[in-house]
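A.B. asks: The domain 'Tr-type G' annotation in TrEMBL covers 1-183. Residues or ranges marked as GTP binding site by TrEMBL: 13, 14, 15, 16, 17, 18, 130, 131, 132, 133.
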Ligand SMILES: Nc1nc2c(ncn2[C@@H]2O[C@H](COP(=O)(O)OP(=O)(O)OP(=O)(O)O)[C@@H](O)[C@H]2O)c(=O)[nH]1
């Protein structure tokens, strides 16, 4: 049977998951009973946030108008800029992509970025113009943008509504006509690409693979190319959508392998699986390794939970190759972990999973980028935690990471966006008109777009702007460490590195926000911001304590206990700093909006 392996790529919200669902329905891969809101979004969190995180492969059958039957492997990819690494992994397993564009929005930042990722991987692109049921849908406009901005021919484009199902079948015919079948030699040595992996407590690591050449079946001894480690294959199979066992996997096929692999580090994403007896001489060209770029400290609110947190982090990292962690100690917060993420959304998701799936109460410190410090003695080091910055007299200079930022925005909002970018120390490199849409190209410190930048961008453009970025080199900046003192004690976990010109306004903002969110105590608590030894801003948490049991008029002891328990619950995300109870929000005061 002929095979087509493809992925769907799109800007966030252009309808990728909805379209994938429709395709599943058309190919009857899922019974209505099995159908959930968004079939392919497997994690609970994904459904809640309406975004796709993990790439999920699916095996579908389609009988074409010609009467011939085809096997399709559909690999879903995430849409958010934080998860670009997952996209590039998934694309390596395909020959082609459906590039979905919302007919009412046109081409946006991730449309372009994902399209280039596909083109750079040598994939064929089939444009799909979606949401044609919307009154403001502009199909010719969207096609023109695709041709103009990305340079792909629009004549094969299929216009559909994933919502109503209109014309979706034409996509399936388009896939057969325009996306190439996989090539591969069943008799060649085994060469299998690992494009994802997950950990299962019964089976060990389940590697998601695309077979390039050769075949793999139960009992084969496989070798992981980069480490040379060998394992005996336990089972192979595909996703339909539940993992289903099959006899073997051959060239062009997408499926999974289990081989009693206990450590996910043994099956790194992008690595090649080959046969131990008859190995290939060269691996499949590798993926870009996922690099955490944003770091934040995670501490248990109850210090007794430290071992539980370590265990949870270990488990999570089994399923998330892009996430890193190492032990860290804070004077203020005790024992915790410095965790690395791909971006703020990724950090949010990891934290939410730790709390939900593992029942942990956590305090997260403000996310920060990695700075490079050159000491006066000429040595250089990378600083993941602002608290680790050397004394000012030992610092020759501090360098910060820059990114190339592209913002796409309708003409009328260009002024607003340029104002924001200037405020964030951005330097304009170019401005390109694509019809009524303008692309602003900037170079900007990564740290400046970390906090509330995306929200501000959206609110300044009524939601119309979109953005993407890629890392540039480190550049010297006039940076200083801003210390925060609570009750006259410096709190290491609250320190941030900021640009000198912004230190005063940021210090003011942080102390005000903290004074607002820290509950009143028995005594007045001063909150101060300082640079070096110099106090630059101050606010006070006034004294007072609400006695929640006062209104219980003695008597009813259960009611009293309930109230106390409720109060205790409310405190779960609090941390005792000396004599002061500080809630999670205070640790993220630096993130609070500019307004
Ligand atoms: N009117 C209309 N709405 C659609 C259509 N397709 C998708 N939508 C809606 O657009 C929104 C986004 O759709 P999703 O399928 O979740 O988008 P996505 O691209 O998968 O988003 P991510 O998973 O976050 O990347 C949802 O509210 C859908 O109901 C369509 O053809 N017509």
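Backbone N, Cα and C atoms are what each Cβ position is placed from, and that goes for glycine too.
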A.B. asks: Can you check which residue among the binding-site residues 17, 130 has the largest number of Cβ atoms within 10 Å of its own?
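C.D. replies: Most Cβ neighbours within 10 Å: 130.
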A.B. asks: Whole number in angstrom, please: the longest C-alpha to C-alpha distance across 13, 14, 15, 16, 17, 18, 130, 131, 132, 133 for GTP.
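C.D. replies: If we measure all Cα pairs in 13, 14, 15, 16, 17, 18, 130, 131, 132, 133, the largest is 17 Å.
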A.B. asks: Consider only the binding-site residues 13, 17, 132: which of them have a Cβ under 6 Å from an atom of ligand 1? Write none if no residue does.
C.D. replies: 13, 17
A.B. asks: I'd like the number of other C-beta atoms within 10 A of the C-beta of residue 13 (GTP binding site), please.
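C.D. replies: That number is 16.
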A.B. asks: I need the least crowded one of these binding-site residues (15, 132), counting other C-beta atoms within 10 angstroms of each C-beta.
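C.D. replies: Lowest Cβ count within 10 Å among the binding-site residues (15, 132) is 132.
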A.B. asks: Which state, by DSSP, holds residue 132 (GTP binding site): helix, strand or coil?
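C.D. replies: Residue 132 (GTP binding site) sits in coil per DSSP, no helix or strand.
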A.B. asks: Does DSSP give residue 17 (GTP binding site) helix, strand or coil?
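C.D. replies: It is helical.
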